[in-house]
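Heads up: the structure comes next, in structure tokens.
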């Protein structure tokens, strides 16, 4: 964990120290391969050739995208949607309804602005891959730093998916076998994630090409829509007296009658767990590595058209996140857990279907997330080596072992959401787009004293402050033991 933190903090500041690459023309075409990122149902494994490019805002490359506007919105919505939605009700419980929605709106607007910065940079240099923007701005070191940050974020995403398997699969199997997940050793979550990783995820991750597996990521959006509908329905079915009595939710005792004073929504509150709430929201909106590849696939691409795709996707996810958090919080109030599915009874057939759908989605998404990590590692560590099956298998196996160890050691999914939301998320949303904009947009077009560059500079500083404050409060909670005491 210390190593991950050190790498993330180092990567946040190194960009201000790297030399800028002059914005002159390329002397010869450069072949680029866009890496596949989780969340987009389009095939992004396409090679393009850059034409010689000049300074200025005119696009220097012709992209032949064939994806419609509506499908691009769907693809980017898939990229935004992830496991973070399961923790939003917990975030609302520790901020209050009004404060949470205000913070969520701020994160959504800031994400839209950061995408604007990325698209502007892409228009200037004619590059539509996140790592290549890093290389264009800061040389090979920039490409390495960007790739490392994306890998860290994807490792965090894999960890959150496996943690869902760890917490939900024992309940599903126990329901079908009429067994107690806590009493039988073969229903222990740690054992089950190892079995699922070795028997299902590893064989899928050993495929040489992503192929049709990339399309399974679209399943996550469908499953989360099903999850949202179920959360809304359960709010009106359970009522506060049932939902707030934890043993009643688990089906062990009848509900306690009478009004529970805890069944009162807080509109505004601040407590020690707020160090997790904002990072959870930031984690839920990260889609930036996928924006440029989706831009490449867009039919009749333009910066304005792609910005409209991003705005519609972010707006749709804001509504979905807000509804999920609100109805989840108004069902369980202050007792809601960081993984909201854990709050529902094991025997509920509707929730059982939701659990099965979510388990299927996350299990199939893990190998999709693993592919770009392995590709990035191979390009960084073995750039001139031909494909090798032993190396291909070894990287996948090492990554799965690493993620399994993290999931087994981390006590709650909240810690995963919080740490990744405090490190890689602000890097991808705030810091990288701002420094790219400052270094790539020519000073002849926009001087450093111009208002757009001042905005970008403030945006990057905001990201660094966000990271430092979130990590500071989080480590303070860990040091004082409040995280463990207040966790569910």
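Each Cβ is built from the backbone N, Cα and C atoms, and glycine gets one as well.
Any TrEMBL annotation is an automated prediction that lacks curation.
Per TrEMBL, the range carrying the annotation transmembrane segment out of 255-275, 276-296 is 276-296.
If you count C-beta pairs under 8 angstroms between the transmembrane segment (144-165) and each of 72-92, 185-205, 276-296, 419-442, the highest count goes to 419-442.
Long-range contacts of the transmembrane segment (393-413) within the same chain: residues 83, 86-87, 155, 158-160, 162-164, 166-167, 190, 193-194, 197-198, 201-202, 205-206, 338-339, 370, 373-374, 377-378, 484, 487-488, each at least 6 residues beyond the stretch ends and with a Cβ under 8 Å from a Cβ of the stretch. Per-stretch counts of Cβ pairs under 8 Å to the transmembrane segment (72-92) identify 276-296 as the leading one among 276-296, 308-329, 419-442. If you look at the transmembrane segment (419-442) against the transmembrane segment (349-373), you find fewer than three C-beta pairs under 8 angstroms, all six or more positions apart, and that falls short of contact.
Between the transmembrane segment (454-476) and the stretches 98-124, 308-329, 349-373, the greatest number of Cβ pairs separated by less than 8 Å involves 98-124. Tertiary proximity for the transmembrane segment (349-373) is limited to same-chain residues at least six positions away from its ends with a CB under 8 Å from its CB atoms, namely 35-38, 83, 150-151, 154-155, 157-158, 161-162, 164-165, 168-169, 171-172, 175, 196-197, 200-201, 204-205, 207, 210, 213-214, 216-217, 219-220, 222-224, 226-227, 230, 233-234, 289, 341, 396, 399-400.
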